[in-house]
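Structure, as structure tokens:
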Amino acid sequence: MGFFLFFFLSLLSLASSASRVDQRTFIVRVQNEAKPSVFTTHKHWYESSLSSVLSPSTPIQLLHVYDSVFHGFSAKLSPTEALKLQTLPHFIAVIPEQVRHLQTTRSPLFLGLKTTDSAGLLKESDFGSDLVIGVIDTGIWPERQSFNDRNLGPINSKWKGQCVTTNDFGSNSCNKKLIGARYFCSGYEASNGKMNETSEFRSPRDSDGHGTHTASIAAGRYVFPASTLGYAKGVAAGMAPKARLAAYKVCWNAGCYDSDILAAFDSAVADGVDVISLSVGGAVVPYYLDAIAIGAYGAAEKGIFVSASAGNGGPGGLTVTNVAPWVATVGAGTIDRDFPADVKLGNGKVVTGAGVYNGRGLSPGRMYPLVYAGSGGGDGYSSSLCLEGSLDPDFVKGKIVLCDRGINSRAAKGEVVKKAGGIGMILANGVFDGEGLVVDCHVLPATAVGASNADEIRQYIDSASKSKSSATATILFKGTRLDVRPAPVVASFSARGPNPETPEILKPDVIAPGLNILAAWPDKVGPAGIPSDNRRTEFNILSGTSMACPHVSGLAALLKAAHPDWSPAAIKSALMTTAYTVDNRGETMVDESNGNTSTVLDFGSGHVHPTKAMNPGLVYDITPMDYVDFLCNSNYTINNIQVITRRNADCSGAKRAGHVGNLNYPSFSVVFQQYGKHTMSTHFIRQVTNVGDPNSVYKVTVRPPSGTLVTVEPKQLVFRRVGQKLNFLVRVEATAVKLAPGSTNMKSGSIVWSDGKHNVTSPIVVTMQQPL
């Protein structure tokens with residue numbers, strides 16, 4: 001309530017001095033079925049309502065009208081007009097638009113999905129055939145082999161979508177694989193003016209590469225041979241190779257606009273998709289002001305599974321985004337493949353790095369002059385980051401240049417070095433980046449090194465300078481290395497918990513492969529993703545939670561195909577309770593940023609395990625009414641709840657559900673405020689549904705977080721039939737710990753239900769907070 005009041009007061013202060021010049025896009029929520037009978041359509045009514053708040057000379061222009069996941073419209077308004085509109089009858093909320101950003105193969109094999117298995121998730125689901133994955137992203141390059149429709153059956157008659165054709169996206173762009181393609185740019189153009197059609201396509205065609213990449217991860221066909229510049233050779237395949245795809249383009253050169261994203265959700269639900277994959281994120285705000293949370297709720301209510309990227313703000317805490325409990329929030333891990341490209345220094349030391357390059361390279365056996373970009377005179381800060389125009393050609397020509405990460409893209413730094421005459425680049429992680437290595441297809445020989453190795457290289461350059469000798473180096477590209485240990489590792493960039501909006505809901509939910517992933521790539525975009533790169537490749541290697549998210553989207557399609565009666569919450573529960581937390585050495589997964597053991601705030605329930613998720617034994621199911629109770633217990637107003645759920649909420653029964661943490665979620669999280677109390681306690685009520693064997697008995701094993709007492713009643717659950725639901729109670733008691741004001745202490749454990757065949761595992765997190 002406080003946030004909404006703050007927004008309302010901010011709007012009031014803006015309105016007092018604003019004119020039409022201060023326009024921005026707002027998303028307007030209107031009561032369901034509130035249209036007065038004098039109007040033939042909702043659009044007609046919305047336009048009439050707008051005319052009552054706009055000056056007579058102002059043209060009325062609706063950007064989008066929403067009907068499926070949201071009732072209302074979006075329009076460009078001044079703060080004064082937005083304020084007036086909110087006072088009209090039947091108008092519930094006026095939501096300011098956010099601009100979102102993209103959160104930018106061997107992974108099926110690493111996940112245990114083998115085409116040769118006579119039984120298994122791929123076989124049981126018929127490779128996801130007939131299910132439709134909607135990818136909300138930058139569009140798609142339909143000609144790629146990953147999207148061929150060989151041997152696919154007819155499109156299911158339930159499909160209501162369409163292939164929007166344009167000059168550059170003809171009627172033959174869609175087929176029995178890519179069965180739908182739309183684009184949404186009204187919100188983008190309302191904020192940025194008419195798009196420049198020489199640099200991006202006014203169509204579903206992808207001019208960036210991100211959408212083509214994510215779509216092929218989710219549902220790409222088998223393609224052999226596949227590689228990027230000779231690296232990662234093998235068979236490329238998506239998670240659900242026979243699933244159908246629908247592309248919804250919402251991301252443009254200046255970002256992804258909420259009004260367009262909501263329109264894509266609206267269309268995807270009306271079209272009949274089964275899964276929505278969204279590798280886009282932004283600031284965390286209350287759910288009733290979050291277009292992605294609102295759109296995802298409308299989809300989930302219709303039985304559509306929504307997965308979204310957790311964000312690339314790691315390794316810092318509280319960085320996770322897309323945190324609504326009805327969304328599967330996916331962080332990123334590594335797979336057991338990397339691309340070593342080490343730096344050999346003039347003093348004989350070899351520093352580990354990672355990179356891919358196959359152009360005209362460095363001469364074998366030759367050492368090259370090595371310089372740190374930040375010590376080349378001029379503005380040391382700009383040059384240290386290798387920003388455009390910051391490097392002195394006299395300083396870098398013919399040399400390998402050490403550049404710090406930050407501000408501009410990694411690939412752009414390589415271009416800056418090359419244009420200034422540099423012969424190679426070492427990309428240095430900062431302290432915040434830690435030791436995580438992300439490879440890029442650079443336009444010159446280049447490698448990435450972790451923060452500690454970057455310090456070692458700088459020290460070598462400094463010591464050489466002090467001794468009046470020249471620092472030298474070369475880069476040793478070693479190709480593709482397989483069976484890397486340890487794996488998986490939590491990727492350094494993967495966003496971390498706790499959940500900034502609802503700490504009682506553990507986020508991220510799971511992690512999936514997201515580092516250096518090979519997938520399809522457009523024809524008109526170089527692998528470095530920068531305009532000057534004229535190389536062309538059918539596949540590219542990218543990293544990000546953007547790549548992890550479509551892995552889970554594809555897996556959800558496989559699970560939905562194998563279990564058509566499962567709800568989105570049941571599918572997410574299956575993925576969470578069967579996830580694993582140990583690497584291929586048998587030890588708890590490590591954090592790539594520092595090499596330490598990772599925690600549930602890094603990986604949530606763990607790394608997805610598709611074959612186990614197909615037969616989880618028990619699931620934690622959630623109904624739309626459960627989500628309403630959750631929102632009531634989050635202290636949202638009836639008005640706030642109606643914005644999200646499109647229904648009049650009754651919160652009178654919500655207190656029977658207890659507290660916000662009593663949502664029937666597959667993980668447990670409690671936050672204790674230490675207001676001078678010595679002991680604190682709470683309880684959780686959960687209900688599990690038997691999807692395993694009839695006549696099964698599950699016994700509980702509790703591993704309590706240190707310093708807590710966790711009890712579960714009853715200690716065993718006796719099921720007589722499949723589909724039977726049984727409840728259990730979890731009590732948590734904790735003793736106060738010594739903490740400085742404003743600080744927190746987090747401990748984790750687990751609750752496991754087992755029948756000897758299935759292990760249904762849930763993390764339990766206890767956070768102690770010392771108030772200021």
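Using N, Cα and C of the backbone, Cβ positions are placed for all residues, glycine too.
Model, not experiment: these values are computed from the prediction.
Annotation source TrEMBL lists signal peptide at 1-17.
According to TrEMBL, the domain 'Inhibitor I9' annotation covers 25-103. Under DSSP, the residues of the domain 'Inhibitor I9' (25-103) split into helix, strand and coil as follows: 18 helix, 27 strand, 34 coil.
Among the features that TrEMBL reports, domain 'Peptidase S8/S53' is placed at 128-595.
Within 10 Å of the C-beta of ASP137 (active site, charge relay system) we count 29 further C-beta atoms, all protein chains included. If you look up TrEMBL, you'll see ASP137 (among others) marked as active site, charge relay system.
Counting only residues at least six positions away in the same chain, the Cβ atoms of LEU102, THR104, ASP137, THR138, CYS251, SER279, LEU542, SER546 sit under 8 Å from the Cβ of HIS210 (active site, charge relay system). Here TrEMBL flags HIS210 (among others) as active site, charge relay system.
As annotated by TrEMBL, active site, charge relay system applies to SER546 (among others).
Here TrEMBL flags 662-766 as domain 'Subtilisin-like protease fibronectin type-III'.
Around SER546 (active site, charge relay system), taking its Cβ as the centre, 31 other Cβ atoms fall within 10 Å, counting all chains. The residues of the domain 'Subtilisin-like protease fibronectin type-III' (662-766), classed with DSSP into helix (H, G, I), strand (E, B) and coil, number 1 helix, 66 strand, 38 coil.
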